């Protein structure tokens with residue numbers, strides 16, 4: 001079979017191609033409808049020369065240089081904040097539209113924060129030619145909350161998260177498995193204070209405490225007044241995506257011993273009365289979400305089921321007993337897919353359609 | 001050394017002495033100030049004749065019969081609801097005051113629901129001679145919430161729990177460890193939908209889904225309108241203990257892969273403005289709680305630290321950014337101690353003081 005002619009299609013760069021999210025991105029590019037001409041993998045010096053399978057082709061990782069962006073139409077970035085701050089403007093200055101998954105630009109007034117199911121029209125408002133991707137916990141949840149907001153008018157969110165270790169990268173996954181290997185099967189370990197710490201030892205990886213047989217009420221860095229950066233992101237990004245600058249949000253972010261799949265317990269207060277069956281109907285018809293809500297049959301959203309899938313899983317929908325304007329529900333989404341690579345890919349595909357239409 | 005003369009001290013029966021809570025109860029009776037004369041261990045037929053160390057004595061487990069309660073002053077019950085319904089009135093009719101840890105009597109108007117740090121005066125109001133112990137998740141949390149209520153006037157609670165497997169008994173603990181042994185070290189298992197289910201197999205123990213590498217948004221049985229029995233207990237028991245029949249409560253109960261130590265993310269709305277430092281001072285001075293609140297130093301409440309200790313650990317105290325009347329915080333308590341055996345022992349000791357004073 002002849003090589004397909006892709007010369008008329010836009011060029012994509014994947015920056016940070018060898019990380020946890022970058023790896024999922026290559027999987028997604030291989031499985032989704034192809035809209036790209038050349039795909040260029042870019043990473044830091046230590047990964048240069050490595051190869052990755054992407055869209056059936058073996059691609060060689062290139063170095064992060066200004067010239068690497070020449071001829072690139074869309075550049076997807078999954079790198080630490082400081083790398084994004086330095087290199088996203090470089091890519092933009094070379095003519096690429098940047099879709100950035102770091103936290104560096106999300107609250108910049110001149111950078112739209114886009115979730116394609118919710119606010120695709122914001123894509124056009126990009127004076128810096130940078131578009132931001134929301135953080136993984138916000139993304140998993142917001143696709144379910146937006147349609148409920150449109151139906152009932154959202155006023156307040158009270159959120160408690162159950163965040164997977166892969167949100168802290170491959171090192172997080174390796175750390176959890178190393179710790180589990182040390183504690184699994186020792187039935188007394190979890191029953192005395194300090195025993196798990198002793199068994200796990202000093203290797204906490206990217207976390208402030210052991211994750212095996214534990215939950216850690218902390219994610220991110222310390223912000224103002226005792227809030228964690230992750231909790232502040234959930235508040236600020238939800239407000240920006242929904243276009244609700246006065247939305248009341250209180251979030252508590254907690255890391256749990258799950259590999260992939262962020263969950264959130266949501267208490268949402270609306271401007272009008274709600275009913276659970278109506279809310280289920282809204283979720284059933286919304287894009288990017290799947291309703292899993294039959295507790296009698298053991299069906300509710302859980303990480304071991306949602307991992308590796310595209311939609312956010314929504315269930316346990318109840319009207320609050322003491323507030324007819326409030327709903328309680330539970331959401332689980334794959335933090336590496338919709339929470340990162342998938343939303344980035346969806347944004348990039350909307351941009352590809354622009355380029356293709358403009359040619 | 002001569003055997004101490006305990007003939008003037010009241011007689012205690014421990015019913016359900018060989019279960020997870022009963023075992024912790026024997027530990028507690030050995031370590032706390034002794035206020036008991038005879039201690040009688042009682043259990044179901046299959047445990048009769050077994051021995052248990054309690055207060056330095058080797059005691060033989062007796063059968064659950066009406067006569068077993070003859071001469072008993074206080075009977076602590078830790079048995080399933082249906083056994084409590086049948087046998088607590090029998091023990092009471094034989095002259096014992098029953099302290100019951102099941103859910104059978106908690107919402108009975110003629111049965112006080114007592115937390116010694118909060119409402120010890122309710123002990124006297126016991127027309128059926130039965131006193132109820134609250135459920136483990138409510139107990140872990142309510143000792144921290146009650147003093148904040150006295151300071152600021154509680155109006156509403158939004159709760160999300162992180163509940164340990166030992167809340168479902170020893171079978172829960174064994175099930176989690178069996179599952180962890182099957183998944184620990186396999187780094188790919190948690191990254192594909194269904195893989196963990198396949199590795200774990202059909203043995204889910206007392207849970208509706210695997211707990212290893214997962215969180216399960218369900219605890220208890222199905223109540224009205226999609227609420228779980230555990231969620232309804234948190235609402236109804238909090239109202240009764242605090243004496244606030246109109247308190248608004250929304251709870252989402254979630255099981256996590258932790259052996260022992262229930263945690264709750266709390267959003268509490270009060271009648272007046274709050275401040276985080278004032279709330280910390282209230283917690284610091286309250287009985288039965290310990291303040292652990294220094295995120296910069298990695299100090300926050302966690303199950304691996306709180307397990308095996310008496311108090312509820314409280315931290316992450318913040319004033320809500322968008323509501324000056326609301327506090328967000330995180331609590332962890334040992335579900336087998338304050339959540340069950342310890343609170344029962346504390347109630348029984350108050351009763352022992354009554355008996356001793358009355359003689």
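Yeah, the Cβs are placed from backbone N, Cα and C, and that goes for glycine too.
Predicted, not measured: the structure shown is a model, and the values here were computed from it.
The feature active site, acyl-thioester intermediate is assigned by TrEMBL to A:136. Within the same chain, residues at least 6 positions away in sequence whose Cβ sits under 8 Å from that of residue A:136 (active site, acyl-thioester intermediate) are A:167, A:262, A:335, A:336, A:339, A:340.
Under the DSSP three-state reduction, residue A:262 (active site, proton acceptor) is assigned to strand. What TrEMBL lists as active site, proton acceptor is A:262.
In this structure, residue A:18 (NADP(+) binding site) belongs to neither helix nor strand by DSSP; it is coil. With a 10 A radius on its CB, residue A:18 (NADP(+) binding site) counts 20 other CB atoms from all the protein chains. The NADP(+) binding site annotation in TrEMBL covers A:18, A:19, A:20, A:21, A:46, A:47, A:166, A:167, A:335.
Around residue A:106 (phosphate binding site), a 10 Å sphere centred on its CB holds 21 further CB atoms from the protein chains shown. Look at residue A:106 (phosphate binding site): DSSP puts it in coil. The phosphate binding site annotation in TrEMBL covers A:106.
Per TrEMBL, substrate binding site is recorded for A:163, A:255. A sphere of 10 angstroms centred on the C-beta of residue A:163 (substrate binding site) encloses 27 other C-beta atoms.
Residues annotated as domain 'Semialdehyde dehydrogenase NAD-binding' in TrEMBL: A:11-126. Mean pLDDT for the domain 'Semialdehyde dehydrogenase NAD-binding' (A:11-126) in the predicted structure: 94.
Nearest to residue A:255 (substrate binding site) in space, judged by Cα atoms and limited to the binding-site residues A:18, A:20, A:106, A:166, is A:166. Remark: secondary structure over the domain 'Semialdehyde dehydrogenase NAD-binding' (A:11-126) totals 37 helix, 28 strand, 51 coil, with classes taken from DSSP. If you take the C-beta of residue A:166 (NADP(+) binding site) and look for same-chain residues 6 or more apart in sequence within under 8 angstroms, you find A:20, A:172, A:173, A:259, A:260, A:335, A:336. Neighbour counts were taken at the CB atom with a 10 A radius for the recorded positions A:46, A:255, A:262; the maximum falls on A:262. Between the C-alpha atoms of residue A:46 (NADP(+) binding site) and residue A:106 (phosphate binding site), the distance comes to 28 Å.
Distance from the CA of residue A:106 (phosphate binding site) to the CA of residue A:163 (substrate binding site) is 20 Å. Mapped onto three states, the DSSP output places residue A:163 (substrate binding site) in strand. Annotation note: residue A:335 (NADP(+) binding site) sits in a coil segment as assigned by DSSP. Its own atom aside, the Cβ of residue A:335 (NADP(+) binding site) has 30 Cβ atoms within 10 angstroms in the protein chains shown.
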